[in-house]
Amino acid sequence: MFTIITGAQFGDEGKGKIVDLLAKDYDVVARFQGGNNAGHTVKVGDEVYKLHLIPSGILLDARVLIGPGVVLNPEVLAEEIEMFEKHGVKVNSEKLGVDAKTSIIMPYHIELDGLREASRETKIGTTKRGIGYAYIDKVARDEIRMAELVDKERFLARLEELAPQKEKEIEAMGGDPRIVRDPELIKRYLELGEQFAAYITDVSREINQALDEGKNVMAEAAQGTHLDVIHGTQKFVTSSSTIAGSACANLGVGPTRVDNVIAIVKAYITRVGEGPLPTELIGELGERIQKAGGEFGTTTGRGRRCGWFDLPLLKKAIALNGYTEISLTKLDVLTGLDPLRSAQVMSIKGKNWTILRNLRKTSRHAALCMKTCQDGKKN
């Protein structure tokens, strides 16, 4: 059985918790996109784990995989492995596999990301972790892959090939180009390459073989549908495709092998950073939901903007992902709120739409038809 799990909103829907609950029934859990710009929190007993790269199934018996659609900061991966091992969770190459084709985030990606965001007249709210620039290099065929990181000669040769252009880019943006060939940073990356050599695998081969053997495989997304680089609220989006279809493309699994696509949906809606949020609650009520729901980013610590449930937004996510099931989270956060409200229809220039159109283009001209529920005092 092959199951894909994605967030149906703007991320932070509770995917980590649901994946962790379901993972006991799966043999393999794979992450298929994003980087350490998104995180999820998993609680086991009294222990709280904040993850940014390693899939949630690491705490159970599943084999966990990081696919080639991910952009990976090897330093962050090393920190997560160290965190687990301090808590007695062994993360060896039998437990974790990283695809050889996975692009790595270099220090110059982080530098370029920060410089670019600082130069924008309108900020897009990037986490400045180099994610976007790593994806730019992937598309431009200027990436450094895990297969090269774990091979000293190939890594140094590839870096030398790319360095002149990266130095020019950083200098042109007012940064210090010496970061590209910094000896201490290069030494550290070579050490990380040695550490991860045993983890290298072919994720597509592993997943297809597992499915052929009748095993259960779960593909886990980061972020949410409406942050998708193509279908999201551009330019306030992430740098990768967050919808279910990209799981097949990024993991190298044919779409006819998909059995279930599960939507993770929060009973209200949140968004981190900039971008449209039609049902946003400004003021005391929004702050109350933010506090009750613990709506602060795992990665950045930034407070999340909160709003009422948005049905047209969800219907668009259903169309984009082809969901077979929906998991509703954080309904308890709304306990005691009276009345509860939700957006049912988006009205644009006198025409009603029950499914979201182009949110960024239409949000300035849209009015929401809200439904009120008086059951907020009930659990």
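Note that Cβ sites are derived from N, Cα and C of the backbone, with glycine treated the same way.
Lifted from Swiss-Prot, the feature list:
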{"type": "ACT_SITE", "residues": "Asp12", "note": "active site, proton acceptor"}
{"type": "ACT_SITE", "residues": "His40", "note": "active site, proton donor"}
{"type": "BINDING", "residues": "Gly11, Asp12, Glu13, Gly14, Lys15, Gly16, Lys17, Gly39, His40, Thr41, Arg304, Lys330, Leu331, Asp332", "note": "GTP binding site"}
{"type": "BINDING", "residues": "Asp12, Glu13, Gly14, Lys15, Asn37, Ala38, Gly39, His40, Thr127, Arg141, Gln223, Thr238, Arg302", "note": "IMP binding site"}
{"type": "BINDING", "residues": "Asp12, Gly39", "note": "Mg(2+) binding site"}
{"type": "BINDING", "residues": "Thr298, Thr299, Thr300, Gly301, Arg302, Gly303, Arg304", "note": "substrate binding site"}
Field: Conformational class of Thr300 (substrate binding site) under the three-state DSSP mapping
entry: coil
Message: Cβ atoms within 10 Å, counted per site: which of Arg302, Arg304 has the most, among these binding-site residues?
response: Arg304
- prompt: Just checking: which of Asp12, Glu13, Lys15, Lys17, His40, Leu331 have a Cα that is within 10 Å of the Cα of Arg302 (IMP binding site), counting only these recorded positions?
  reply: none
Message: Whole-number answer please: how many Å between the C-alpha atoms of Thr300 (substrate binding site) and Glu13 (GTP binding site)?
response: 16
Message: Applying a 10 Å Cβ distance cut-off over all chains shown, what neighbour count does Asp12 (active site, proton acceptor) have?
response: 28
Message: Using CB atoms and a 10 A radius, I'd like the single residue among the binding-site residues Gly11, Gly14, Gly303 with the highest neighbour count.
response: Gly11
Field: Chain-internal residues, separated by at least six, CB under 8 A from Gln223 (IMP binding site)
entry: Gly7, Phe10, Gly11, Gly34, Asn37, Ala38, Thr238, Ser240, Thr242
- prompt: Out of Glu13, Gly14, Lys17, Gly39, Leu331, which of these binding-site residues is nearest Thr298 (substrate binding site) by C-alpha distance?
  reply: Gly39
Field: Around the Cβ of Thr300 (substrate binding site), the count of other Cβ atoms that are within 10 Å
entry: 17
Field: recorded positions: Lys15, Lys17, His40 - member with fewest neighbouring CB atoms within 10 Å
entry: Lys17
